[in-house]
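The following features are taken from TrEMBL:
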- A:37, A:84, A:225: Mg(2+) 3 binding site (BINDING)
- A:37, A:53, A:84: Mg(2+) 4 binding site (BINDING)
- A:54, A:55, A:132: Mg(2+) 1 binding site (BINDING)
- A:55, A:84: Mg(2+) 2 binding site (BINDING)
- A:62, A:278, A:319: substrate binding site (BINDING)
- A:131, A:132, A:227: ATP binding site (BINDING)
- A:228: Mg(2+) 5 binding site (BINDING)
- A:35-148: domain 'PurM-like N-terminal' (DOMAIN)
């Protein structure tokens, strides 16, 4: 059972009930579209299509109340869903939040999650437009993101990487996994201050809004995000596209901070880079120069699978549920 | 912990793993839109808006594996979400399914849920376009429905019932609550055969597709569905609209089947009609004649709250989480 730290004082969901709790959520994440049977989004721009994706976060598995603030959990939920929208080349517009929570959950905790969602969604000019709140034994957040894909260019699916293209990346690699390893060893309070950024990359990953749209506009044909691990996610793109992807070790090698964290934990930072997920770094295949904010990290080949400088990667196995 | 009856034999999620289980879901609910980072829906028709809603179902709370087949659970999840889309006057297009399930969950159970979703969504020409599958202690289904609201008429919100209108209903009232009461007393196997329809109304409610669109096209101005209870849901409409709603007892009185179930259980069937939820009956306010498939059940007044023949209802308290 989830134990909420004492800092989340105040009434619980069981004490205030569903309706008061929903009012708290709506006041922390206000939207004129929220509060009816369903949310009606804006008029679609001509020739646009809706894009939708969903991801669940379970306390103790995808986040821990003793490691992350509720605001961070809300951020993480938004970023992992919005990254999937961006990875199609689309623009996130709205989110829905379904929560199952035990009756002893402090209302302030749920309010914090909503505030984190509103904050991070606001960076995309998106809103929390609806949701559901119910009682359950575990704290489960299920977020759905809805976006808009404008214009007539095809969406950026996993199956359109072509030999000769480069793979370009926007975002960090390995930082989330390093942050998780540090939390696992030290707990949130005791992670050495120099690694704060790694911990934050795990608890509340960031993704600059609009990079997916830029990649699509500048000629990318395939895109995904690093959610299960770099090799695992590029491996799916390679298999679906019927190509190989050869990573340049010099372009993805662990940075100074990862090296220091690796030394401290006696861990190989390459594992974080190659097999660590949840960075939500955008990974696109394009024949052109890297779009603004992206860097080249790999080459699409006529081979199969993912290699590093032509060799089998040292770490490949990514995150798998069950 | 959820115990799955022996009829769900075969490998478990823990045995086959996430990827195989997702393949099973996709083969049971096929869609060309599923399988990428996010699902891209069809081009929106001109002047249309997207509509979105989400609802969570928790095993032991919203359904029980010993009472409902997984196909019925999938149906229920679709109908309760699509009813919310219809209640805006919109047409459901697509659903997303996020599942958290314990490792001992039989794959055949999850496949059955997906098949039920595909079956019921298919009645609306809608598809399961995406989702998430993760491991958790409880069996939790989180479904998001996306619909399309065409044309320039306003959506049917809760706040536009006006004095002088009638409230019209499409669907049963009290059947789901009666079915639940019967299951509670007898278990699924032993409910007398004459009440099969009531049990099915609880386990797998039905809603004829397109009635919400018809209500909007024929002049309804406000609409909701009976999910928490007739008096509770109409009470929200009354409060938001600043009106009263007076039910005609003769129009909502328990039918023969409810009366017989009430006798058997020594229960007052009026409680099922007035306070029972989950019928997902559409409840619309209109100044005109009842649209096709609807019947008149109440009058919108200058008063406040919900009354029955001008009097306080005998039962009003609907379903509240926590």
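Using N, Cα and C of the backbone, Cβ positions are placed for all residues, glycine too.
These figures come from a predicted structure and were not determined experimentally.
For the binding-site residues A:62, A:84, A:131, A:225, A:278, a Cα-Cα cutoff of 10 angstroms around residue A:54 (Mg(2+) 1 binding site) retains A:84. Over all protein chains present, the Cβ of residue A:54 (Mg(2+) 1 binding site) has 27 other Cβ atoms lying within 10 Å. Counting other CB atoms no more than 10 Å from each candidate's CB, the binding-site residues A:55, A:225 peak at A:225. Counting residues of the domain 'PurM-like N-terminal' (A:35-148) by DSSP class, helix then strand then coil, yields 33 helix, 47 strand, 34 coil.
For the domain 'PurM-like N-terminal' (A:35-148), the model gives a mean pLDDT of 95. When the Cα atoms are compared, the residue listed as 'Mg(2+) 5 binding site' and residue A:84 (Mg(2+) 3 binding site) turn out to be 12 Å apart. All protein chains shown were included, and the count of other CB atoms within 10 Å of the CB of residue A:278 (substrate binding site) stands at 24. Whole-number maximum of the Cα to Cα distances across the ATP-binding residues A:131, A:132, A:227: 25 angstrom.
Neighbour density around each Cβ, counted as other Cβ atoms within 10 Å, peaks among the binding-site residues A:37, A:84 at A:84. For the binding-site residues listed here (A:132, A:228), the lowest count of other CB atoms within 10 A around the CB belongs to A:228. Among the binding-site residues A:37, A:131, A:132, A:225, A:278, no residue is found with its Cα located within 10 Å of the Cα of residue A:53 (Mg(2+) 4 binding site).
Nearest by CA distance to residue A:132 (Mg(2+) 1 binding site), out of the binding-site residues A:37, A:84, A:278, is A:37. Here the C-alpha separation of residue A:37 (Mg(2+) 3 binding site) and residue A:131 (ATP binding site) works out to 10 Å. Separation of the C-alpha atoms of residue A:227 (ATP binding site) and residue A:84 (Mg(2+) 3 binding site): 9 Å, rounded to the nearest whole number. Nearest Cα neighbour of residue A:84 (Mg(2+) 3 binding site) among the listed binding-site residues (A:55, A:62, A:131, A:278): A:55. Residue A:278 (substrate binding site) has A:225 as its nearest neighbour among the binding-site residues A:55, A:131, A:225, going by CA to CA distance.
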